[in-house]
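In TrEMBL this protein carries:
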type     : residues : note
TRANSMEM : 48-68    : transmembrane segment
TRANSMEM : 80-99    : transmembrane segment
TRANSMEM : 111-132  : transmembrane segment
TRANSMEM : 169-192  : transmembrane segment
TRANSMEM : 204-225  : transmembrane segment
TRANSMEM : 237-260  : transmembrane segment
TRANSMEM : 281-305  : transmembrane segment
TRANSMEM : 325-347  : transmembrane segment
TRANSMEM : 375-393  : transmembrane segment
TRANSMEM : 399-421  : transmembrane segment
REGION   : 450-479  : region 'Disordered'
COMPBIAS : 451-461  : compositional bias 'Basic and acidic residues'
COMPBIAS : 469-479  : compositional bias 'Basic and acidic residues'
TRANSMEM : 504-524  : transmembrane segment
DOMAIN   : 569-619  : domain 'Cationic amino acid transporter C-terminal'
TRANSMEM : 596-614  : transmembrane segment
Amino acid sequence: MLAESNQGGGGGGGKLGLRSLVRRKRVDSIHSKSSDAGHHQLAKELSIAHLIGIGVGSTIGAGVYILVGTVAREHSGPALAFSFLIAGIAAALSAFCYAELASRCPSAGSAYHYSYICVGEGLAWIIGWALILEYTIGGSAVARGISPNLALLFGGPDSLPAFLARHSIPGLGIIVDPCAAILVFIVTALLCVGIKESTFVQSVVTIANICAMIFVIIAGGYLGFKTGWIGYELPVGYFPFGVDGMLAGASTVFFSYIGFDSVASTAEEVKNPQRDLPLGIGAALSICCMLYMLVSVVIVGLVPYYAMDPDTPISSAFASHGMQWAVYIITIGAVTALCSTLMGSLLPQPRILMAMARDGLLPSFFSDVNKRTQVPVKSTILTGLVAATLAFAMDVEQLAGMVSVGTLLAFTMVGISVLILRYVPPDEVPLPSSLQAAIDTVSLRYTNNSRSEDTDVETSKDQSGFSGEKSELLPRKGETSSEYPLISKASSQAIFNETKRRKLAGWTIMITCVGALTLTYSASNLGIPSLFRLPLCGIGGVMLLFGLVVLSCIDQDDARHNFGHTGGFICPFVPLLPILSILINCYLLLNLGADTWMRVSVWLLIGVFVYAIYGRSHSSLQHAVYVPAAHVDEIYRSSAESLPS
């Protein structure tokens, strides 16, 4: 019954210790937004074109100008384009999951927001904390890489003006980079002006980068046809390192697709999120994949893979054919790519901080939105200060692997969230304790209805001699008539079967995730003796296959049709597609290296302390009352009716 659900759904989870880790918030709705009185609302200014600019600009960094040579020499050879294609398909698995969740839950916070709704507060905090690290380190590393490329435009590595050039501080061994810090401050100021203005500038810079890549494709294609594509005329064929080498290359270039998730972080600022977010994510990823493949096809054809310069493969390829002047165009492309990526790195973090502060997990300072620009200015300025400090004083390249941890954790959690949304979506949602009176009113209404039905049953029994069964209140499935006990019994059986289905689906999703982790860990950790490694692979594979088969056979939850904002993108091939996404991301996570995981573990441990000391006790769900999701609108209507007109 409704009254019982209020007490048992998880309210007061902070007082019950571990229960706070699994309490879940509900999808932002018109009710919750109206209760904010517009104080925390961002400007809805973005269209599909803006989202594509954000996605492409955040994804295509200067790495592609280097990865082409490194991956071709060490892994793929002439099959480099296939490596980019496979990596693009792997990234698309996560993109499909992002597209559905972004259109159903269009609010700031991206993967943190989805995890909080579908999984629980504890894991959502870990994802949010990891994303903070990702965007901070990522932005600093990108800014740090701009000055060497910018110097090439002035004639050489040491050609920048003195106030922009790098300097070494004697005795400390620190190399400061004023240019990087200044660029971070410029981007931060631009982001504070407004989302539409900053996105416009990012789109312009991105177009300049795309033009440079198109030049590489067209001019390189002309040279290739003119010289006979000498890079493909090899006795070893297109796969000198075999299929394994091509797949190893795909896992390396996969990280060049990271960035499209920045689109999801702007969900709250999109005019038509149900339509535009999926199209923006899909179009951005498709454009990036096409450009990557075309550039790799051309460059690998101009120079044999074994003769490529690993540091400047594209520039050296054109120089070998007498086009020295092309170096300037390629350098401009690299600089613009880094600038757009810098903007894409600094844009999401203030929105992550704002989303976490809205939920009470961080101080309210981070959730303040400027009334004029409708941008979280305080969070943006703080993000810029931290990123500029790191870019100025630290060589963060050795920390770059930490960026991938946050992204891959988010990708994995998004895949899990899609499975939960489809099979076990939350059937109880939290409401603020200020609505307790309306909740009690609705609860009393159902209690009275139940008693009235019981009275009708007894009256019918006395008058006709039939022993009618007592009809139970079914708040989530609709009321049943006491005159038809068989219908009531069938409804009770349906609820019992649905409860069993949800339990089976929940345990199966957990077994599937454990199986993916076991399989990828045993397959990638060569240090495990083969005596244990092969059985572990077998156990993980069986668990994964079991999860796929069971989830394919059982029905998905009917509540998924009404979960969140309906009418948007629906992820296809569930459960296969999310499970493949989880498997790939787990594999990449476990192959990032022990040093990276040691550094990330320190950061996550700090996050655990912050949550335990502040977040858990200040969560907006601390005193929330949990009610059946089917009765939320009725409770709000009752609350509105009780207000004085």
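Keep in mind that glycine also has a Cβ here, set from the backbone N, Cα and C atoms.
Automatic, uncurated: that is what TrEMBL annotation is.
Predicted, not measured: the structure shown is a model, and the values here were computed from it.
Ranked by number of Cβ pairs under 8 Å to the transmembrane segment (80-99), the listed stretches 48-68, 169-192, 237-260, 325-347, 375-393 are led by 237-260. Using the rule of three or more Cβ pairs under 8 Å, pairs at least 6 apart in sequence, the transmembrane segment (596-614) is in contact with the transmembrane segment (111-132).
Counting same-chain residues at least six beyond the ends of the transmembrane segment (375-393), those with a Cβ under 8 angstroms from any Cβ of the stretch are 42-43, 135-137, 139-140, 143-144, 174, 176-178, 180-181, 183-185, 187-189, 191-195, 345-346, 349-351, 353-354, 357, 365-369. Proximity of the transmembrane segment (281-305) to the transmembrane segment (111-132) is not established, fewer than 3 Cβ-Cβ distances being under 8 Å for residue pairs spaced 6 or more apart.
Looking at which of 48-68, 111-132, 169-192 has the most CB pairs under 8 Å to the transmembrane segment (204-225), the answer is the stretch 48-68. Taking residue pairs at least 6 apart in sequence, the transmembrane segment (169-192) and the transmembrane segment (399-421) share fewer than three C-beta contacts under 8 angstroms.
The stretches the transmembrane segment (48-68) and the transmembrane segment (504-524) are not in mutual contact, being linked by fewer than three Cβ pairs under 8 Å (pairs 6 or more apart in sequence). In the predicted model, residues of the domain 'Cationic amino acid transporter C-terminal' (569-619) average a pLDDT of 93. Most Cβ pairs under 8 Å with the transmembrane segment (169-192) belong to 325-347, among the candidate stretches 111-132, 237-260, 325-347, 504-524. Listed by sequence, the residues of this chain that lie at least six past the ends of the transmembrane segment (237-260) yet keep a Cβ under 8 A from its Cβ atoms are 55, 58-61, 63-64, 67, 70-72, 74-80, 82-84, 86-88, 90-91, 95, 98, 281, 284-285, 288-289, 292, 305, 341, 344, 403-404, 407, 587-588, 591. Per DSSP, the secondary structure of the domain 'Cationic amino acid transporter C-terminal' (569-619) breaks down as 40 helix, 0 strand, 11 coil.
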